[in-house]
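As given in TrEMBL:
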{"type": "TRANSMEM", "residues": "16-41", "note": "transmembrane segment"}
{"type": "TRANSMEM", "residues": "47-77", "note": "transmembrane segment"}
{"type": "TRANSMEM", "residues": "98-120", "note": "transmembrane segment"}
{"type": "TRANSMEM", "residues": "140-161", "note": "transmembrane segment"}
{"type": "TRANSMEM", "residues": "173-192", "note": "transmembrane segment"}
{"type": "TRANSMEM", "residues": "204-223", "note": "transmembrane segment"}
{"type": "TRANSMEM", "residues": "243-268", "note": "transmembrane segment"}
{"type": "TRANSMEM", "residues": "294-320", "note": "transmembrane segment"}
{"type": "TRANSMEM", "residues": "340-359", "note": "transmembrane segment"}
{"type": "TRANSMEM", "residues": "371-390", "note": "transmembrane segment"}
{"type": "TRANSMEM", "residues": "402-421", "note": "transmembrane segment"}
{"type": "TRANSMEM", "residues": "427-448", "note": "transmembrane segment"}
Amino acid sequence: MLCYNFSVFVKRKAMILLYSVGLVSGICLIVGTMIGSGIFISPKSVLLYSGAVGPCLLIWAACGVLATLGALCYAELGTMITKSGGEYSYLMEAYGPIPAYLFSWTTVMVLKPSSFAIITLSFAKYASTPFYPDCTPPEVVSKCLAAAAILVIVTVNSLSVKLASYVQNFFTAAKLLIILIIVVAGIVLLAQGNTENLTNAFDGTAQSFGAIGLAFYNGLWAYDGWNQLNFITEELINPYRNLPLAIIIGIPLVGVCYVMVNVAYFTVMTTNELLLSPAVAVTFGDRVLHPMSWIVPLFVVFSTFGSANGSCFTAGRLAYVSGREGHMVKILSYISLKRYTPAPALIFNGLLAIIYIMPADINTLINYFSFAQWMFYGMTALCLIVMRFTKKELHRPVKVPIVIPVLMVLVSCYLVLAPIIDKPQLEYLYCTIFIFGGLLLYYPFVHLKVNWARKIMRPITMHLQLLMEVVPPEKTE
């Protein structure tokens with residue numbers, strides 16, 4: 001009887017996610033998610049594969065340009081198709097349900113939660129280091145702290161969209177402050193004549209086709225997040241104005257920060273010292289900011305926590321939208337009756353992230369799946385080209401030159417194929433099998449909608465709905 005009454009109430013109250021993210025919060029989401037731990041802890045990966053200071057700085061700048069061009073494509077798509085879910089919604093509109101399903105399957109099950117796990121592990125490492133001054137923090141401590149961070153972030157995001165936005169804004173301001181401190185210190189050192197590491201900057205440049213591709217991979221990993229605002233379009237106030245404006249302001253800002261921070265590093269460290277440093281920003285702080293060097297690891301903790309919050313915020317929206325379209329279990333599309341947040345989707349992403357924390361090394365997993373991420377980026381850029389011809393009637397408040405999506409498609413193809421051609425490994429085949437293995441679930445459960453599965457899921461959904469006090473979303477056109 002309780003279930004029946006609750007269902008009647010649900011039918012009377014159509015639920016949607018509220019417009020609650022403004023321009024400033026949108027910029028902070030982009031900047032705060034993009035600037036995680038990479039630029040502070042291990043920018044050396046780009047240097048390692050590029051081989052010298054000059055190409056390293058050029059690759060950092062080129063990655064910023066590439067991220068900006070990609071985001072401009074997404075600005076056109078996001079203002080043309082004002083649905084949350086990012087690539088999922090655009091792939092659905094351009095190609096139909098199967099490519100969209102494969103994207104949601106790969107991203108919801110692997111890419112988003114594993115990225116969330118990696119960021120929180122970085123947070124845990126730097127948050128626990130002060131308590132173990134003479135040794136590396138035990139792995140169990142780092143993993144427990146990472147799991148606790150995931151629980152806190154999921155709770156914050158499930159309680160309130162505005163609270164999650166305030167948290168994001170605060171930590172974005174904190175990471176921009178430490179970047180400003182590093183950049184100003186670097187400018188002062190340059191003015192004092194510390195330029196020896198920047199002379200003969202192109203000596204030792206890598207010649208390998210695959211090495212340059214891997215350098216771009218690692219640079220673009222630090223820029224990952226440029227598409228995050230497209231995952232929450234339905235919650236963005238005035239998306240036709242704020243989506244492109246946040247992109248135009250946020251991504252070039254990150255690019256300038258990254259290049260200037262790297263220049264600052266090279267004012268006090270040689271290439272060998274930078275490659276050997278376990279945490280480049282901390283080494284810089286020890287040499288330049290002493291006795292205030294302790295602020296660097298503190299702000300790295302702030303940075304990683306803010307990036308994890310942004311990752312959780314957007315990941316929940318993808319699971320929510322794919323559940324709404326029937327490509328994931330329906331409970332993931334339900335919205336909190338009191339909080340107006342996609343709580344089930346957020347909790348699901350958090351649980352998967354905790355599972356991914358358990359293995360010894362998940363960095364290998366995410367490295368091999370990076371080619372899949374760029375495959376979907378390329379397919380999404382191709383969406384824009386395809387819909388110029390197949391969806392001419394759609395209103396386009398933002399319209400980019402066709403050469404930009406063409407360039408993005410070509411670059412994506414290079415980034416997908418270069419590492420595989422340069423160093424083919426079975427792991428790439430395993431990732432491909434996993435992606436297309438999703439079709440084994442798609443055909444019976446999504447396409448055929450077999451009755452026995454629906455009979456099993458109906459009572460589970462009902463009990464979870466009552467437990468979490470969530471209701472189905474309003475249907476969208």
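Each residue's number is its place along the chain shown, starting with 1.
Cβ atoms are placed via backbone N, Cα and C, with glycine included.
Panel annotation: around the transmembrane segment (140-161), residues 17-18, 20-21, 116-117, 120-121, 123-125, 127-128, 167, 235, 305, 308-309, 312-313, 316, 336, 339-341, 343, 346-347, 349-350, 353-354, 357-358 of the same chain, lying at least six beyond its termini, place a Cβ under 8 Å from a Cβ of the stretch. Highest Cβ contact count with the transmembrane segment (204-223) among the listed stretches 47-77, 243-268, 294-320, 427-448 falls to 47-77 (criterion: pairs under 8 Å). Contact between the transmembrane segment (371-390) and the transmembrane segment (173-192) is absent: fewer than three CB pairs lie under 8 Å, with pairs separated by 6 or more positions in sequence. Within the same chain, the transmembrane segment (47-77) packs against the transmembrane segment (243-268): three or more Cβ pairs sit under 8 Å, each pair at least 6 residues apart.
Within its own chain, the transmembrane segment (243-268) is flanked in space by residues 23, 26-27, 29-31, 34-35, 39, 43, 53, 56-57, 60-61, 63-65, 67-68, 71-72, 74-75, 78-79, 176, 179, 182-183, 185-187, 189-190, 194-195, 197-198, 222-223, 226, 229-230, 233, 236, 274, 280-281, 284, 287-288, 397-398, which lie at least six positions past its ends and keep a Cβ under 8 Å from the stretch. Long-range neighbours of the transmembrane segment (340-359) within the same chain, counting only residues 6 or more positions beyond its ends whose Cβ lies under 8 Å from a Cβ of the stretch, are 15, 17-18, 108-109, 112-114, 116-117, 120-121, 143, 146-147, 150-151, 153-154, 157-161, 312, 315-320, 323, 331-334, 365, 464, 468, 470. Away from its own ends, the transmembrane segment (173-192) comes close to residues 28, 31-32, 35, 39-40, 257, 260-261, 263-265, 267-268, 281, 284, 288-289, 295-296, 299-300, 302-303, 306 of its chain (Cβ-Cβ under 8 Å, at least six residues beyond either end).
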